[in-house]
Amino acid sequence: MMSAPGRGSALLMSSHRVCAQCARTTPRRTTIAPNSSQPSPVQPLPLIARRYYAAETASASVSSSQTTIPPPPVTSSSETESATATDPLRYKIKSSLILTRPPLLTREQTPFESAFYLYQKRLNERLTAPFCSKFYFKKDTAADLDWRIKLRERHGVPAKDIGRYNPRGRMAWNDEVLVGSKTSDPQEVVDRLLADAEVRVSEDGEPIAPEERVPVERPMPRRTEADEKNDVRRLDRKLDRTLYLVVRKGEGEDAVWEFPGAIVPTQETLHETAARALAEAAGVNMNTWIVGRVPVAHHIVKPVFREDGKVAERGVKVFFLKGRIMAGQADLTGNKHRLTDFKWLTHEELKEVLPNDYYRSVRGMFELR
């Protein structure tokens with residue numbers, strides 16, 4: 001009687017789905033015939049016929065092994081040297097760094113944004129619980145008296161920057177700002193907050209006259225002295241915009257504005273050359289950071305050929321990397337690239353000083369503001 005593993009093996013070998021390799025390597029099984037103590041071997045199935053694709057693969061491998069590959073043509077050293085001398089490299093590789101100063105302030109709000117923010121503040125006052133002054137101010141103290149005076153000046157509205165709007169009154173539904181109203185103007189909001197921050201009551205609990213109140217220090221204006229003088233070499237201008245460092249190479253009519261860069265030698269990578277070029281051009285008195293090692297833009301200057309087809313002047317392939325300045329200032333004193341001037345410009349101002357082809361190659365990586 002055949003055992004269970006033996007029956008399974010026999011069924012597996014009798015299946016037409018078994019490949020030839022599996023049938024060839026399948027071990028021989030033995031069974032014990034009834035009324036017999038000697039096991040009898042099970043006859044293996046004949047090998048399955050090979051498919052046409054297997055035969056084609058085998059014939060292709062044999063033919064490919066018999067095919068001989070011809071050796072490459074032999075070139076003498078003199079021919080190689082002459083070809084190199086008459087056909088030099090057409091392009092040089094240059095790495096330039098686009099050094100940027102990120103915005104330090106948020107951009108100015110549009111009238112729609114100002115009106116929307118005011119609407120959100122008024123809506124928040126309608127949905128929140130009433131302000132409990134007793135939790136914050138002890139009764140009949142100087143702080144409590146100051147709070148009550150300011151609340152009366154705001155016509156009973158606890159919020160300081162939503163105008164004359166009562167979220168608990170019968171006109172609470174009318175929370176949208178009207179066209180032409182200056183209630184949502186950011187400068188008006190700043191003035192109201194500064195006026196509300198002035199102390200109305202002295203430490204003794206006596207009201208302070210308006211002419212005797214100590215004014216609160218105003219925040220710094222958005223426009224700086226550099227903006228007023230249009231000093232393009234200072235970093236404290238255009239605080240809500242991104243500034244880019246450009247340098248001028250040469251003087252007179254031959255002067256060209258570009259980003260600081262240098263030719264890449266064989267032992268340096270792009271980001272190493274960009275860092276070295278910045279130090280050689282603008283000095284080391286800057287704390288900078290190269291964002292990545294992958295170029296963000298490229299510019300190609302085609303080579304110049306003579307009449308006989310030989311290269312008269314090699315072209316340049318410029319790869320631009322992006323960097324950030326966190327502290328310091330550019331200094332062209334003793335630079336190694338014959339640079340005569342530098343500027344920190346916005347991308348609209350760059351369009352006026354950079355060459356047209358040069359600007360078109362890098363304009364896709366400029367920030368929106």
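Along the chain as shown, residues are numbered 1 onward.
Here the Cβ of each residue, glycine as well, is placed from N, Cα and C on the backbone.
Keep in mind that TrEMBL annotations are predicted by a computer and have not been checked by a curator.
Listed ranges 61-86, 217-242; the one TrEMBL annotates as region 'Disordered' is 61-86. Residue counts of the domain 'Large ribosomal subunit protein mL46 N-terminal' (91-227) by helix, strand and coil are 50 helix, 13 strand, 74 coil (DSSP-based).
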